[in-house]
Amino acid sequence: MSASAGTGVFVLSWMSIPICCLFNSLIANSAQAFIFAGCSTVIILAISRVMFKNKAPADPLFYVYAVYAFFSVVNLIIGLEQDNIIDGFVTFYLRQADPHINTSHGHMISYWDGCVHYLMYLLMIAAITWGDSYRAIGLYWVGSFLMRAIVYILGNTVGKHGTEVNYFFLLHMLYISVSVWACFRIFSQPSTQEVKLTEAEGKSLLHRPLDLLFIIYLIPAFAFCVFRGLVVLDCSSKWCQEYTQQYEPYLKDPSAYPKAQMLVGMLYSGPYYIITLYGLIVPGCEWMPDLTLVHSGALAQAQFTHIGASLHTRTPFSYRVPAGGQPVFLLVNILYALMPQALCYRCRTRPSFFLRPTADKKNK
């Protein structure tokens, strides 16, 4: 199939720059801004149908990711304007939009969506265009999206901005609904991994030093995510209080986004570490490669947002990481973000330990 459809999406996404500048000068109130956001989606879909009428794939996710790529560039513009790097593109929107966008958490989400999600959308669009599988990239995006969506909903519900919900929250819920449907579409795609048995299939854990290293990592990782969950639940332990004061005062930020993120980590990452521990010990757990993909995407998004928001100037000074605690804070949180990526890479590149023999599947 021709690559022109994918190229067209790339060009269309960068049309958001002049469009944002144009509408920033025309919008006069929040209702018009809401209408603009909705109309933009419809217009992009219509343009996509016209541009790619005879050459676009039949996969409906092609159009979904085309729209998402457009708004990813918009989010990048939002982040750059909030940092005063550019000006005059989304000025009115920043004054009238969902309050979440002006928090340090929302600010880091703008950069994540404008860079990492945008790259994933382009890669998935390219795969769809060429008829290749995009399940692996899709699962990574699923994890990132789910973490973002859950924290966004919980933070807006229980945080200090809960009473300031406006039209844009409803529009965001539409985005979440469409994205959930996209998640199910991705999960339903067949895996393209081949079953290749190797000698590692029968080796004990002692003969797999890399897996042993990951198991050693999983134990403190489980303890760390539970510990931070207890911190945001106002645990009275001296350790919790000292950790909050010296290393992560942002966990007490009244916006409630860090609190929601830590609770999600405790309730979902905690069980994940236990399940993964089992999967690294017992052979034949075919779900391991997919599960690590979803979790690594979620942790990458969560840690990027948490680290950035903890240090950003939009966070009140009293909730930022103290200068003396920054080295420890960065070391622990960066390792906590990178290790799931390394585990995911191991499971995807050498999956033979997790896959059952083809003969065993046929016998079933």
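Using the three backbone atoms N, Cα and C, a Cβ is placed for every residue, glycine included.
Of the listed segments 137-155, 327-345, TrEMBL assigns transmembrane segment to 137-155.
Note on the transmembrane segment (61-80): residues 5, 9-10, 12-17, 20, 40-41, 44-45, 48-49, 52, 86, 89-90, 93-94, 101, 107, 109-111, 113-115, 117-118, 121-122, 124-125, 128-129, 178, 182, 185-186 of its chain, located 6 or more positions outside it, place their CB under 8 angstroms from a CB of the stretch. Secondary structure by DSSP for the domain 'EXPERA' (210-344): 110 helix, 0 strand, 25 coil.
Secondary structure counts, DSSP: the domain 'EXPERA' (58-183) has 103 helix, 0 strand, 23 coil. Long-range contacts of the transmembrane segment (137-155) within the same chain, counting only residues at least 6 positions beyond its ends with a Cβ under 8 Å from a Cβ of the stretch, are 100, 105, 109, 112-113, 116-117, 120, 123-124, 127, 161, 172, 176, 179-180, 183, 186-187, 189, 255-257, 259-261, 263-264, 290, 293-302.
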